[in-house]
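Let me begin by presenting the structure, written as structure tokens, before commenting on it.
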Amino acid sequence: MADTRLGHTKERFIVGIYDHEDKVVNAVKKLKNDGVKIYEVYSPHPIHHIDTYIGHPRTRIPIAAFLFGALGTLSAITLIIYTMGIDWPMIIGGKNFVAIPTMVPVTFELTVLISALGMVATFLVSNNMGPGKKEFMFDRRTTDDKYALVVDLDANTLGEEQIRDLMVKYGAETDPLPRIVER
Amino acid sequence: MAAEHTVTIDVNEKYTLTATMQRKIWLWLAVGLILFIAGAFWFVTGFGSEAAHGAGHAAAHGGGGGEHFNPMARVWANLWLNSVFFVGIAVAGVFFLATQYAAKAGWSAIIKRVPEAFGGFLPVGGVIMLVVYFLGHHDLFHWTHTGLYEKGGPEFDAIINGKAPFFYWPLSPEGGFPFFWLLRLVLYFALWFLVYTVIRKASLAEDQLQNRLDFRYYDKQVVWSIVFIVIFAVTSSTSAWDWLLSIDTHWFSTMFGWYVFASWFVSALATITLAVVYLKEQGYLKAVNENHLHDLGKFMFAFSIFWTYVWFCQFLLIYYANIPEETFYFKERLHGLGGVYSPVMIILALINFAFPFLFLMPRDSKRHPIFLKITAFAILVGHYLDFYLMVMPGTAKQYGGFGLMEIGAIILFASLFVWLFYRTLSKAPLIAKNHPMLEESLHHSI
């Protein structure tokens with residue numbers, strides 16, 4: 001079933017469409033209970049705690065934020081010490097060449113800037129997004145008023161028929177039935 | 001997750017101030033009073049030997065003002081410092097409540113009775129401040145000395161004379177009875193307490209409603225909260241000038257009101273957090289979950305940074321500009337006056353900024369009571385020291401320090417505050433059961 005094109009293995013997903021937030025949340029919980037591993041839920045709006053119901057691990061982006069912030073602090077201090085203290089020392093207001101209070105505003109700004117930009121970059125890379133990249137969409141209607149529950153077939157032991165039946169049992173639309181999408 | 005918990009609340013739950021608790025608070029009050037009096041007695045009677053030591057310092061560092069020093073100044077300064085600090089916490093607690101209503105915030109509905117109870121300290125704090133002013137104004141405020149305003153006199157001070165209308169306008173001759181200054185002091189407390197009482201009465205009346213769709217009292221609280229914010233926007237700055245900035249009469253900082261407000265507000269947030277966590281530990285406020293604690297933690301985190309921003313901006317501007325009449329304020333605190341106050345400056349940056357910033361940064365530490373307790377306590381200590389640095393160098397000069405008297409004064413005022421807080425809290429149910437956003441607050445989830 002897995003054919004290779006351009007060196008990529010095609011993944012097969014089964015996509016169930018739901019028309020209410022409560023239905024999809026309920027389906028997520030029930031499917032988890034039945035031992036189905038859920039790939040992702042797509043929704044027109046954020047749903048509180050949906051990631052914990054799916055079983056996604058917590059985001060590690062705060063760690064990236066801290067590391068990029070520390071990088072910003074260090075680069076600001078290096079920049080100030082090099083430019084003001086080593087490369088072109090000048091007496092300003094009778095202060096030392098390397099005076100700590102004068103370093104605070106620039107250090108603060110660079111810490112915030114590098115941390116914010118770094119977080120955006122981390123987010124884009126980890127989500128396989130970016131300028132010019134076309135994101136794969138399981139169902140266009142999730143940008144309007146529908147909720148899509150996506151199950152990775154290869155990651156599950158249950159067959160596609162069983163998963164489809166379970167999805168329908170927990171309120172998925174039957175016209176059309178949950179369908180297979182390849183990526 | 002929290003959103004799924006079945007929330008069982010008792011809407012008529014009341015805090016009961018038990019006899020044991022009351023005895024405990026009275027005991028602390030007595031301990032504080034005894035320590036304070038003992039410390040004050042020790043300092044004032046032992047001043048002769050200290051003064052010789054201090055004079056040596058003054059000569060060595062060229063610090064003036066040592067020759068006329070009255071040892072009682074440190075006693076009055078302690079009382080003044082603590083009353084300003086705790087009055088600030090009380091009024092900033094009411095301010096917090098007002099911001100929640102003005103923003104029509106829902107999350108805070110179940111904890112709103114906690115900051116609401118802070119207002120109970122206001123009238124007592126006002127009376128204490130008036131009394132302390134009349135007892136120790138010559139030692140607290142340099143501007144109360146008549147000689148400063150006598151043109152051609154040996155003590156004449158042109159700068160202070162220029163500021164005289166701010167203290168004495170319009171009735172009194174300069175150096176006499178500071179009518180305008182005292183009028184403002186009374187007016188602050190009158191305005192704060194009056195508007196607080198209106199909000200509180202509406203809040204209590206809301207509890208008696210039969211129809212939960214009746215928003216009369218909620219709307220009233222919103223309107224009066226906005227009135228309070230408008231009043232506090234002006235009075236927080238002017239009261240800071242009156243009570244703290246005028247201690248160092250020569251110095252002026254346009255950022256001072258803002259800076260004191262930041263300190264008051266973050267202390268109030270820490271106190272609210274401590275109160276909520278302790279009430280929860282005692283079995284009250286069962287509906288408060290980690291999401292509410294998270295919000296309180298975020299508030300403390302954010303306003304610690306805000307305080308640092310204002311504190312540092314004030315310092316940096318003066319440091320860079322290098323104008324002598326401005327820099328002496330920081331010189332006194334950093335290395336003047338025998339270096340008594342220099343460690344406090346360093347402690348401030350560490351305990352008020354670095355510690356809450358790094359400690360409250362992870363999500364988990366905002367959601368667990370033990371972390372919040374540690375940080376809130378550290379913030380309170382740090383901001384007490386912040387006010388200490390505003391009051392002490394100008395009053396106690398190089399004879400300041402941290403001894404029995406200071407510890408006693410803190411215990412005395414803290415237990416008085418806690419006692420009045422509990423008393424006000426026990427007068428109303430802990431949950432404002434007809435608050436229109438109670439349901440939202442119960443299911444608060446972030």
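Glycine too: its Cβ is placed from the backbone N, Cα and C atoms.
TrEMBL entries are annotated by machine, without manual review.
Through the fold, the transmembrane segment (B:25-44) approaches residues 50, 71-72, 74-75, 78, 403-416, 418-419, 422 of its own chain, all at least 6 residues removed from its boundaries and within a Cβ separation under 8 Å. Residues or ranges marked as transmembrane segment in TrEMBL: B:25-44 (among others).
Panel annotation: around the transmembrane segment (B:79-98), residues 112, 115-116, 118-122, 125-126, 128-129, 132-133, 136, 140, 192, 196, 199, 225-226, 228-229, 232, 236, 243-244, 260-261, 263-265, 267-269, 271-272, 383-384, 387-388, 391-392, 395, 409-410, 412-414, 416-417 of the same chain, lying at least six beyond its termini, place a Cβ under 8 Å from a Cβ of the stretch. The feature transmembrane segment is assigned by TrEMBL to B:79-98 (among others).
The annotation transmembrane segment is assigned in TrEMBL to B:118-136 (among others). Same-chain neighbours of the transmembrane segment (B:118-136): 72-73, 75-77, 79-80, 83-84, 86-87, 89-91, 93-94, 182, 185-186, 188-189, 192-193, 196-197, 200, 243, 268, 271-272, 416-417, 420-421, 423-424, counting only residues six or more beyond its ends whose CB sits under 8 Å from a CB of the stretch.
Positions annotated as transmembrane segment by TrEMBL: B:179-199 (among others).
The transmembrane segment annotation in TrEMBL covers B:222-244 (among others).
Per TrEMBL, transmembrane segment is recorded for B:256-279 (among others). Counting residues 6+ beyond its ends, the transmembrane segment (B:256-279) has Cβ neighbours under 8 Å at 15, 85, 88-93, 95-96, 111, 114-115, 118, 236-238, 240-241, 244-245, 285, 288, 292-293, 296-297, 299-300, 303-304, 306-307, 310-311, 314, 352, 369, 372-373, 375-377, 379-380, 383-384, 386-387, 390, 421, 430 in the same chain.
Within its own chain, the transmembrane segment (B:299-320) has Cβ neighbours under 8 Å at 253, 255-256, 258-259, 262-263, 265-266, 269-270, 273, 326-327, 329-330, 348-349, 352-353, 356-357, 360-361, 366, 372, 375-376, 379, 383, 386, counting only residues six or more beyond its boundaries. TrEMBL lists B:299-320 (among others) with the feature transmembrane segment.
Taken from TrEMBL, the feature transmembrane segment applies to B:340-361 (among others). For the transmembrane segment (B:340-361), same-chain residues at least 6 beyond its ends with a Cβ under 8 Å from one of its own Cβ atoms are 266, 297, 300-301, 304-305, 307-308, 311, 332-334, 371, 374-375, 378-379, 381-383, 385-386, 388-389, 392-393, 398, 400-401.
Among the features that TrEMBL reports, transmembrane segment is placed at B:370-390 (among others). Within the chain carrying the transmembrane segment (B:370-390), a Cβ under 8 angstroms from the stretch's Cβ atoms is held by residues 81, 84-85, 88, 244, 247, 260, 263, 266-267, 269-271, 273-274, 277, 293, 296-297, 300, 304, 307, 311, 333, 341, 344-345, 347-348, 351-352, 355-356, 359-360, 364, 406, 410, all 6 or more beyond its ends.
Within the chain carrying the transmembrane segment (B:402-422), a Cβ under 8 angstroms from the stretch's Cβ atoms is held by residues 15, 17, 21-22, 25-26, 28-29, 31-40, 42-43, 74-75, 78-79, 81-83, 85-86, 89-90, 117-118, 120-121, 124, 275, 384, 388, all 6 or more beyond its ends. The transmembrane segment feature in TrEMBL is assigned to B:402-422 (among others).
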Hey, which bits of the same chain come close to the transmembrane segment (B:179-199), Cβ under 8 Å, at least six residues off its ends? 91, 94, 97-98, 101, 116, 119, 122-123, 125-126, 129-130, 133, 165-172, 220-221, 224-225, 227-228, 231-232, 235, 238-239, 242-243, 246
